[in-house]
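Undergrad: The following block contains the structure, expressed as structure tokens.
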Amino acid sequence: MASAVTSINDIKVLKLAEVHAKPSKSMMSYGTAGFRGKANELDHIFFRMGLLAVLRSKCKKAVIGVMVTASHNPEEDNGVKLIDPHGEMLQQEWEVYATKLANVGNDEIIKELNNIVKLENISLEEQATIFTARDTRPSSIALSQAVKDGIAALGGTSKDFGLMTTPQLHYVTCMFNCGETDASEESYYTHFADAFKSLVKEKSDSSIVTVDCANGVGAPKLQKLYEHIGGSIDLVVHNNAEVGNGKLNENCGADYVKIQQQAPVGLNMEPYHRYCSFDGDADRLVYYTLDSDCNFILLDGDKIASLFAHHIQELLADAKLEAKLGVVQTAYANGSSTNFLKDKLKVEVACVKTGVKHLHHKAQDFDIGIYFEANGHGTVTVKESWRKLLASKTTQTNEDEANAAKRLQTFLSVINEAVGDAMSDMLAVEAILHAKDWGVREWSALYTELPNRQMKVKVADRTVIETTDAETRTVKPSGLQDGIDSLVAQYVNGRSFVRPSGTEDVVRVYAESDTQENANSLADKVSSLVYDLAGGTGEKPKCS
Ligand code: G16
């Protein structure tokens, strides 16, 4: 454990701040999931987030996690995600501190740190421990060191887990703070593999899953998980840079497959076989297959949420258990998925802003909250009081009901509740398909998606776009929303919105309509409008 400091050691902090100096023009803000940008411009941010993590740890009297990754972004980028004690994303009030600390000059760092200490009434005598981990980007090693320098400068202790997926770091941080002092990567595999093996005792003929690991950290970690699972599933790892030459996230990974609506590079698909993709830090999952005419079929975060809701609802009915079950989505959710959940399953559906931090928070309003972004990022949260009710049901005299309650309890333990986790979500999907004796064909038939298209528009300054109503409408620049409204009105079942990305330097455009041709055409027209009204740069984007 760290030796306690009773005041901020100005000399030590300033000396190391000089080593990790801020380029004079750099101004960044804590985005959708932390800071992201070109790796060679971020050294000072990582050092300062090490400092901030120490204060957060002292403030919460708990271990804090710092993950070095830019997730789905290109390999040249990097980023940092701070993890709160229960494995959640950093509390939003602290994002403001993070942004301020990232942007002050070196001479103001001490003042800014003291401000946070004062505002949060932090006792500097508290000890601080920070868990760190990184993805496979070449830049991640040096940037992890910058974080550790920040931690050391404020007298904190760092425990470096080295290469890990983001959800693994969320998991060990959460478990350690819940009293599991030997929380480790190994305990992660044991926990999820054991839960899966008690749900799936023997493999079915159709249980071969080919997993595109985006040439990222998911590949070696999935192989380790697979070793713990044994014979209840067949996994084939695809796009594993450790054994090939592929570049991280390049023409592969969950984001590529979702946005391009096509298979990752090098994958030869067979109709109705099972395929899925992780992203660069393995916190997103999408499935896909081909139909008998070789049309590409995507089973994205919306389809995963619908499958989870369908299964949980059935188990609740079998166990004769009441629960407030809800699904949280964002504006990117396909209209058909929302209709299926509301009209067919009669489940309450909430819509919040993009960013798992918003979805996670809203999901906690429900006894069982399923949240998924269409891009494949999601999980299930369970209220502690309801978990106790479920546990008591497993010991009831009615055997059928008690067994259904046990099945639900085991199903919930295959899910990483701390955060969306591609590996554990994949096990949960496979467990459900096994329980229902379904393949991708039956799963996909839950509902038919409205054709949709996503595009990216490069503009000089993406902050000129401001949004409201869970990012479904723009308020700035003037004329943009009116323009979108009149375009949407020209399309059958048209819907479209635009929002500035919080992880990439682009404006995102979403459009859906009755046919793929119309969805593409609407996306093109809205993108062109954004380009014209929000200061587009480079070539005008076009998808059709
Ligand atoms: C992060 C967030 C997600 C968000 C995604 C894209 O994912 O955790 O909640 O959907 O960025 O955000 P934006 O549209 O603002 O760029 P990841 O997987 O990149 O960490």
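Easy rule for this one: first residue shown is 1, then count along the chain.
Each residue, glycine too, has its Cβ placed from N, Cα and C.
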Undergrad: Name the one residue among Ser71, Ser496, Ser501 that TrEMBL lists for the same Mg(2+) site as Asp279, Asp281, Asp283.
TA: Ser71
Undergrad: Go through 60-93, 125-178, 183-286, 476-526 and flag the stretch with the largest number of C-beta pairs under 8 Å relative to the domain 'Phosphoacetylglucosamine mutase AMG1' (300-438).
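TA: When the Cβ pairs under 8 Å are tallied, 183-286 comes out ahead.
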Undergrad: Hey, does the domain 'Alpha-D-phosphohexomutase alpha/beta/alpha' (125-178) touch the domain 'Alpha-D-phosphohexomutase C-terminal' (476-526), meaning at least 3 C-beta pairs closer than 8 angstroms, sequence gap 6 or more?
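TA: Counting Cβ pairs under 8 Å (6 or more apart in sequence), the domain 'Alpha-D-phosphohexomutase C-terminal' (476-526) does not reach the domain 'Alpha-D-phosphohexomutase alpha/beta/alpha' (125-178), since there are fewer than 3.
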Undergrad: Closest of the binding-site residues to Asp281 (Mg(2+) binding site), Cα to Cα, picking from Asn375, Pro500, Arg508?
TA: Asn375
Undergrad: Using DSSP, what's the helix, strand and coil tally for the domain 'Alpha-D-phosphohexomutase alpha/beta/alpha' (125-178)?
TA: 26 helix, 13 strand, 15 coil
Undergrad: For the domain 'Alpha-D-phosphohexomutase alpha/beta/alpha' (60-93), what is the mean per-residue pLDDT, to the nearest integer?
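TA: In the predicted model, the domain 'Alpha-D-phosphohexomutase alpha/beta/alpha' (60-93) has a mean pLDDT of 97.
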